């Protein structure tokens, strides 16, 4: 990007971008089901102690690679070299595979609310089969061009935000007016039970507070430079943390956490609110269902091809075959998108085999999505630790405090993430076969494949090319 286009984003613009990238009402539902009111303080702590420092870590990498518009591959390469840069970029795509498995059943549930006015209860087998058909359709649409999806998704996302804020306002009004909450709001209810199961669910909180990598890239584009960026990110983190916490406190005013479902929880809480205020419940179900369905279906169609396109545009040529990465007339690597479809199929089938209900299925899928989502930030944190420990001399306009401060902060984050990742990979009460073949097996196979692919790639390079590829900061001008 040219210098004339730099410093064009105002503080409010960055605040809006940050909010859009991080906050999601569905995250409130998911964590409320697992943690109840204890999710309220955990959301606030996660945004303060994870989101803000991780944003600053990314901002420092962006500052180090200020002459590059590339993303995570360039950031990690500047500290750990090409192999770990490829592994990290690969894990970002890899996480999206699990994201699809958790998104598809929600699309189906919200379609049911939108067109029927209620959630049609299906078995895990039926849900999985319909999800596979839906994902095949979304892959076909996304590879054949979906130009109108952006504006549609933007409008429905805005409507969902307005619905969320209206719920918070009306639920708060009802609470002040003397309504008896479905779940009592007490200090004791907000104190987490610090056990192994809780440690595993904390990854759900961290996943909800994610999005730093999509915001921190604007550090060079903000009016006022890095100082303004830091101020806005801290303010945004506090604001989002408070909003998540307030949402978590108010989510059970009308509906108990025990009654909420992963698939249609958003509609359930609005249904409860409509019943309290005497609004037409069926109409509310259809409206919230339609907005949620449109937003999620649009997101599904857009994200089916986008991660593949980003991944193959970042990594060096030659790691994957030319036909695999070849773009079609719509600028999408169609063959890679269909390979992605084939990979997602077993990721949907395996957890289905160990689930008695759709709620069990969603629990397994979301848990694994959260566990997998820990890997990319963890690799970036390790890269940052190496940057501050061994390469702190490299010139950059922005640093997250002194060398010692940076090392201490990132070391604490690495420790928390490592424990959370292990706890969510080996959850209590889970089917042992599901853990072995899905949780552990999936990660080992995918990361092992990435390691093998990169090793095969560097064998075809000259000695000089291997040296450049392996050397940290070789991409930093």
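Cβ coordinates come from backbone N, Cα and C, glycine included.
Taken from Swiss-Prot, the feature topological domain 'Periplasmic' covers 1-8 (among others).
The transmembrane segment annotation in Swiss-Prot covers 9-29 (among others).
Same-chain neighbours of the topological domain 'Cytoplasmic' (30-41): 183, 185-186, 189-193, 198, 201, 204-205, 208, 244-246, 248-249, 251-252, 257, 260-262, 265, 366, counting only residues six or more beyond its ends whose CB sits under 8 Å from a CB of the stretch. Per Swiss-Prot, topological domain 'Cytoplasmic' is recorded for 30-41 (among others).
Residues 22, 28, 31, 35, 75, 78-79, 192, 202, 205-206, 208-213, 215-217, 219-220, 226, 229-230, 233-234, 237-238, 240-242, 244-245, 248, 377, 380-381, 383-384, 387, 396, 398-400, 406, 409-410, 413, 416 of the same chain, all 6+ positions outside the transmembrane segment (42-62), place their C-beta atoms under 8 angstroms from a C-beta of that stretch. Residues or ranges marked as transmembrane segment by Swiss-Prot: 42-62 (among others).
Secondary structure of the topological domain 'Periplasmic' (63-83) per DSSP (helix as H, G, I; strand as E, B; remaining residues coil): 13 helix, 0 strand, 8 coil. Annotated topological domain 'Periplasmic' per Swiss-Prot: 63-83 (among others), in sequence order.
Under the heading transmembrane segment, Swiss-Prot lists 84-104 (among others), citing sequence analysis as support.
What Swiss-Prot records for 105-120 (among others) is topological domain 'Cytoplasmic', and it gives sequence analysis as the kind of evidence. Here the topological domain 'Cytoplasmic' (105-120) has Cβ contacts under 8 Å with residues 26, 127, 130-131, 134, 261-264, 266-267, 282, 285-286, 288-290, 292-294, 296-297, 300, 358, 361-362, 365 of the same chain, all six or more residues outside its ends.
What Swiss-Prot lists as transmembrane segment is 121-141 (among others).
Here Swiss-Prot flags 142-158 (among others) as topological domain 'Periplasmic', drawing on sequence analysis.
Per Swiss-Prot, the feature transmembrane segment maps to 159-179 (among others); the stated evidence is sequence analysis.
Each residue in the topological domain 'Cytoplasmic' (180-196) has a pLDDT score, and their mean in this model is 89. Among the features that Swiss-Prot reports, topological domain 'Cytoplasmic' is placed at 180-196 (among others), with the record citing sequence analysis.
Marked as transmembrane segment by Swiss-Prot: 197-217 (among others).
The topological domain 'Periplasmic' annotation in Swiss-Prot covers 218-232 (among others).
The feature transmembrane segment is assigned by Swiss-Prot to 233-253 (among others).
Taken from Swiss-Prot, the feature topological domain 'Cytoplasmic' covers 254-263 (among others).
Same-chain neighbours of the transmembrane segment (264-284): 25-26, 29-30, 32-33, 106, 109-110, 112-113, 117, 119, 163, 167, 170-171, 174, 179, 182, 251, 253-255, 292, counting only residues six or more beyond its ends whose CB sits under 8 Å from a CB of the stretch. Residues annotated as transmembrane segment in Swiss-Prot: 264-284 (among others).
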Residue numbers, six or more beyond the limits of the transmembrane segment (432-452), whose CB comes under 8 Å of its CB atoms: 83, 86-87, 90-91, 94, 347, 350-351, 353-354, 364, 368, 371-372, 375, 425-426
Residue numbers, six or more beyond the limits of the topological domain 'Periplasmic' (427-431), whose CB comes under 8 Å of its CB atoms: 196-197, 200, 354, 364, 367, 439
Proximity verdict for the transmembrane segment (159-179) and the transmembrane segment (233-253), three or more C-beta pairs under 8 Å: yes
Touch test for the transmembrane segment (84-104) and the transmembrane segment (336-356), at least 3 Cβ pairs under 8 Å: yes
Helix, strand and coil totals (DSSP H, G, I; E, B; other) for the topological domain 'Cytoplasmic' (453-477): 15 helix, 0 strand, 10 coil
Three-state composition of the topological domain 'Cytoplasmic' (308-335), taking helix and strand from DSSP: 13 helix, 0 strand, 15 coil
Close approaches to the topological domain 'Cytoplasmic' (308-335) from elsewhere in its chain (Cβ under 8 angstroms; 6 or more beyond its ends): 70-74, 82, 86, 89-90, 92-93, 142-145, 453-454, 457, 460, 469
DSSP helix/strand/coil residue counts for the topological domain 'Cytoplasmic' (180-196): 4 helix, 0 strand, 13 coil
